[in-house]
Amino acid sequence: MIRFLSSTILYSILLHNQISLICTLEEFETKMNDSLLMEVRDMQAELAIIRQDIHAHPEMAMEEKRTSTLVASKLKQWDLTVTEGVGRFGVVGTLASVKPCNRSIGLRADMDALQLIERNNATYISTKLGAMHACGHDGHTAMLLGAAKYLSEHRDSFCGTVQFIFQPGEERLAGAIAMINDSLFERFPVDAIYGLHNVPEQLGTFSIRAGPLMAASDRWNVTFRGTGGHGGAGAHLATDVTVLQAQFIMALQTIVSRNINAIDSAVISVGAIQGGSFVSANVMPSEIRIGGTARTLTASVRDLIEQRINELATNLATAFGCTAHVEYRRGGITLVNHDEQTKRAIKAAEAVVGSTNVTKNREPLMASEDFAFMLLKRPGAFIFMGNNDGAVLNKLHSPNYNFNDDAIPYGVAYWISLVQQELND
């Protein structure tokens, strides 16, 4: 009995020491993470000024002349090798470590604004009527600039080459292709490519998933043509395209509900209808146009939606004695994260905010992102970063949107963590 008690006591002591050791390691790790965030927060004011300057001078897709000039100037100031005019207005800053190494990593931020009239009360609201940074690309640019500055001052903290890629034209899904077609990856080789976007979720959190993360984005237009006629005296003599378009819109809803497997994701929305005149509302139009968007996560569903829109428009037009002309334009492709790079992105985010603040298998978003084209060329991953706190609600593409400057340190720290992990392992 005495021997048993002694063993129990000894086991308790060992267990206590083991727990103490684990706690000590966790505390040490937390201090390391806090240390990086504290260092980055020392840069926040400077980066916020840059962000707000970009916010006040928004430039539409493929028109980012001032923004790209500002980015290039900052990178040169921080002793990076800078290449301008990549894909027209793209900028690439190249940073090599103190110790020569063959490995390389690409980090990408977008720079363009949206066509919106801003409704904010900030002192730095848009100075260009009809254009504003309503998607946070001003913040993305500032955060990547912050990472470039920090890593330039700590070239001994990694071993290899970092390519800081500032991309134009994301909102038109044109900038990534423009840079790729300008030999982006041949001129600036990378082993992996990473991207980041803010989302209206809790500040200090990240979320990601391997596989499809964002949707392919297509646009469709249908033009119905009939005879038109007098809406009062001769309605029975006309082929009525207004009734046809109403039937077509209702039939569109059956594609997702009845043609597509319930476990697959898809969206079909009508965004525009044009026909007739309110000045002559007694005239039945001879032509009416309908347009919208389609979002999918797989190639097979994408093909099916295009097929069914054509079939419904053509067959319904025939049934109503009219004709249909269908245009289906494929735009952005599905953004698919690579498995290994997703794991590395998760690890880098956990090093900044801890494991409990990183969602590893979030639901896909049906928004579109042209970083997907870069992921076709190189392995990589795209991650979301929370941008909201109790006082700030940032709904993307809203005239009231304003990037939360308190999110800047998290994005900068994530980029730094990723580089130091990738180019040191």
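Using the three backbone atoms N, Cα and C, a Cβ is placed for every residue, glycine included.
Record features (TrEMBL):
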BINDING   C135, H137, E171, H197  Mn(2+) 2 binding site
BINDING   H397  Mn(2+) 1 binding site
DOMAIN    219-316  domain 'Peptidase M20 dimerisation'
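Feature annotations (TrEMBL) mapped to structure.
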{"residue": "C135", "record": "Mn(2+) 2 binding site", "Cβ neighbours (10 Å)": "24"}
{"residue": "H137", "record": "Mn(2+) 2 binding site", "Cβ neighbours (10 Å)": "30"}
{"residue": "E171", "record": "Mn(2+) 2 binding site", "Cβ neighbours (10 Å)": "21"}
{"residue": "H197", "record": "Mn(2+) 2 binding site", "Cβ neighbours (10 Å)": "24"}
{"residue": "H397", "record": "Mn(2+) 1 binding site", "Cβ neighbours (10 Å)": "12"}
* **Of the binding-site residues listed as C135, E171, H197, the one whose CA lies nearest the CA of the residue listed as 'Mn(2+) 1 binding site'** => C135
* Asked: Between 0 and 100, where does the mean pLDDT of the domain 'Peptidase M20 dimerisation' (219-316) sit?
  -> 97
